[in-house]
Amino acid sequence: MSTGEIWIAFYTILRREIRRFMRIWPQTLLPPAITMSLYFAIFGNLIGSRIGEMGGFSYMQYIVPGLIMMSVITNSYSNVASSFFSAKFQHSIQELLVSPTPNWVILAGYVLGGVARGLCVGLTVTILSLFFTKLHLHNLFLTVLVVILTAIMFSLGGFVNALFARSFDDVSIVPTFILTPLTYLGGVFYSISLLPDLWQGVSMLNPVLYMVNAFRYGILGVSDINITWALVIISVFIVVLSYVGITLLNRGRGIRN
Amino acid sequence: MAYAIEIKDLKKRYENGFEALKGIDLNVDEGDFFALLGPNGAGKSTTIGILCSLVNKSEGQVRIFGVDIDKDFAKAKQYLGVVPQEFNFNVFETVFNVVVTQAGFYGIPLDVAQTRAEKYLKQLDLWDKKDVQSRMLSGGMKRRLMIARALIHEPKILILDEPTAGVDIELRRSMWEFIRQLNEKGTTIILTTHYLEEAEQLCRNIAIINSGEIVENTSVKALLKTLSSETFIFDLDSPVTEIDIDGFETKLASDGASIEVAVNKGQALNDIFTYLESKNARVVSMRNKSNRLEELFVKLIKGN
C-alpha cells in the first residue's frame with residue numbers, strides 16, 4: 001500500500017471507532033459523566049469540606065485531576081477492549097484481516113480510537129468539574145502530554161486484553177480486578193505522604209500513581225513523585241505494550257487460525 | 001495463460017495435530033469459473049482461509065497472480081475479494097457504511113468508495129436499504145451485502161464460500177446471473193458449494209478435495225465424460241406389473257407407476273422406449289435420479 005492508502009486505511013478505522021462510541025453515547029459517554037458528577041458532589045463537596053486541605057489545595061481541587069485521569073484510563077482501556085473483542089466475536093475483524101491494511105495500522109487505528117474516547121470523556125469530566133470548583137493550569141503542555149500518553153498506554157493495554165480474551169468475561173476481568181484497584185490506590189483520592197513508609201514504598205510500584213501525579217502536577221503544580229520518572233515509566237509501558245500488541249497481531253493470536 | 005492462483009504442496013496442521021491439508025497442488029486459470037468441492041471438513045474452507053490470510057499455513061507455497069503470499073501478502077490481497085460462508089460484518093453498521101468502510105481498508109478514497117458503493121448496492125438490489133442497520137436485513141440480503149462488500153475494491157478474483165446456502169431459488173438464480181456476468185467481464189470466480197447442479201451449470205473447471213487431498217482436478221466436461229452410468233426415472237401413465245429390458249438394470253417402484261433404469265455408456269435410450277411401447281406403457285415424464293456431478297462426486301469421495 002502507498003502512504004496515501006495507508007493513511008486512508010488508518011483514518012477509516014479511526015472514524016469507525018469514533019462513530020461507534022458516539023452512536024452508543026448512553027453507554028460510553030453518559031455513565032462516566034454521571035459517576036464523576038457523583039464523586040464531585042459526594043467526595044468533593046460533602047466529605048471534602050470536612051477533610052480540609054490536601055497538598056495546599058481544597059480536597060475538591062485535589063481530587064479533580066485524579067478523577068479526570070481515572071475516567072481517561074478506564075474509558076481508553078474499555079473502548080479498545082470491548083470494540084476489538086466485539087469485532088473478534090462477530091467475526092467482523094475478518095474485514096480488516098482480508099484487506100491489505102498493515103497490522104501496525106490496525107493497532108494504531110484502534111488505539112487512537114481509544115484515545116479519542118478517553119479524551120472525549122476526560123474533557124466532559126473536566127467541564128463538569130468546573131461546576132464544582134475552579135481549576136488553574138500550572139503547565140498546559142505537561143497536562144496534555146500526560147493525558148495523551150496515558151490514554152495511549154491504556155488503549156494498548158485494552159488491545160492486548162482483547163487479543164487474549166475468549167469471552168466477554170475475559171474483557172471485564174482486567175478492569176475489575178486489576179485496573180480499578182490500581183486506580184483507587186494510585187493516589188486519586190489521597191497523597192501517598194499520608195501513608196506509612198512501607199505502604200508509600202508499595203505504592204511506588206503502582207504505575208497509575210505516576211500518571212495521576214504527573215497529571216495533577218500539570219494542573220495544580222503538586223506531586224508525590226518525580227515527573228521525569230513518570231514520563232519515563234509511561235513511555236516504557238507504551239513501547240512494551242506496542243511491541244506485545246504488534247507481535248501478537250503478526251502471529252494472529254486469537255484472530256487467525 | 002497466467003494462473004490466477006497457484007498452490008504448491010500446501011499443508012495445514014492444527015495445534016491439536018489434525019492435518020487439514022496434506023500437501024495439495026492446485027492451479028486456477030485467470031478468468032476461470034472454478035469450483036472447489038468436497039464434503040464437510042475436507043479442507044475447502046481451510047484452503048480459502050489460507051488464500052485470504054484468515055488461516056496461517058504450515059507449509060507450501062501460494063501465489064496470487066504471481067505474487068507469493070510469503071513475500072508480499074498485502075499486494076496479493078488486493079487481487080482477492082472474499083464472500084465467506086458466515087455473516088461477518090458489523091451488524092450495527094448501516095448497509096452503506098459496511099461497504100464504504102471496507103473500501104477504506106483497501107486505501108480507496110471516500111468519494112470513490114461512495115460512488116462504487118452506490119453502483120454495487122444498486123446492482124444487487126440493496127440501494128433502498130442503504131441506511132438500514134445490516135442486522136435488520138433478511139438472509140438473502142445479507143449475502144448480497146457481502147458480495148457488494150467483496151467487490152468494492154474491484155478484485156480480479158472473487159472467492160465465494162457457500163454463497164447460496166439458505167438462499168431461496170429465485171434469489172439464487174439472480175445471484176448466479178450477476179456472478180456469471182462478472183466472470184464474463186474477466187473476474188476469476190472460485191466457488192465452493194454443496195449444490196452440485198450449480199457447479200455443473202456454472203463452472204468450467206473443478207477440483208474435488210477430500211480428507212485434505214485433491215482427489216480430482218479437471219474440467220467439468222472431462223469429468224462428466226468419465227461418468228460410466230446414469231440412472232433415469234421414467235414415470236408411466238398406468239402401472240406395470242413387471243419390467244425386464246434386455247441389457248439394462250431396472251427397478252420397479254412399489255406402485256408400478258415408475259421405473260428406474262441404469263443406462264451404461266454406449267447404451268441407447270431408444271431401446272427403453274421401444275420396450276415400454278411394446279408393453280403399451282406411455283412415458284409421461286423422465287428425469288435423472290440424481291445430478292450427474294453428484295453421482296461422480298459420491299463415487300470419488302467413496303473411492304477415496
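Even glycines carry a Cβ here, placed using N, Cα and C.
TrEMBL lists A:23-252 with the feature domain 'ABC transmembrane type-2'.
Look at TrEMBL and you will find A:29-47 (among others) tagged as transmembrane segment.
Annotated transmembrane segment per TrEMBL: A:59-78 (among others), in sequence order. Distant neighbours of the transmembrane segment (A:59-78): 28, 32, 35-36, 39-40, 43-45, 47-49, 51-53, 114-115, 117-122, 125-126, 129, 132-135, 147, 150-152, 154-155, 157-158, 161, 174-175, 179-180, 183, 186-189, 191, 208, 211-212, 215-216, 218-220; these residues of the same chain sit at least 6 beyond its ends, with a Cβ under 8 Å from one of its Cβ atoms.
What TrEMBL lists as transmembrane segment is A:104-133 (among others). Here the transmembrane segment (A:104-133) has long-range neighbours at 6, 9-10, 12-14, 16-18, 20-21, 28-29, 32-33, 36-37, 40-41, 44-45, 58, 60-61, 64, 67-69, 71-73, 75-77, 79-80, 83-84, 96, 147-148, 150-152, 154-156, 158-159, 242, 245-246, 249, meaning same-chain residues at least 6 beyond its ends whose C-beta is under 8 angstroms from one of its own.
Beyond the transmembrane segment (A:140-165), the same-chain residues lying 6 or more positions past its ends with a Cβ under 8 Å from any Cβ of the stretch are 68-69, 72-74, 76-85, 88, 107, 110-115, 118-119, 122, 171, 174, 179, 211, 214-215, 217-219, 227, 230-231, 234-235, 237-238, 241-242, 244-245, 248-249, 253-255. Look at TrEMBL and you will find A:140-165 (among others) tagged as transmembrane segment.
For the transmembrane segment (A:171-192), same-chain residues at least 6 beyond its ends with a Cβ under 8 Å from one of its own Cβ atoms are 43, 54-55, 62-63, 66-67, 69-70, 73-74, 77-78, 81-82, 85, 154, 157, 161-162, 165, 199-200, 203-204, 206-209, 211-213, 216, 224. What TrEMBL records for A:171-192 (among others) is transmembrane segment.
Residues 103-104, 106-107, 145-146, 149-150, 152-153, 156-157, 159-160, 163-164, 207, 210-211, 213-214, 223, 255 of the same chain lie 6 or more positions beyond the ends of the transmembrane segment (A:229-249) yet place their CB under 8 Å from a CB of it. According to TrEMBL, the feature transmembrane segment maps to A:229-249 (among others).
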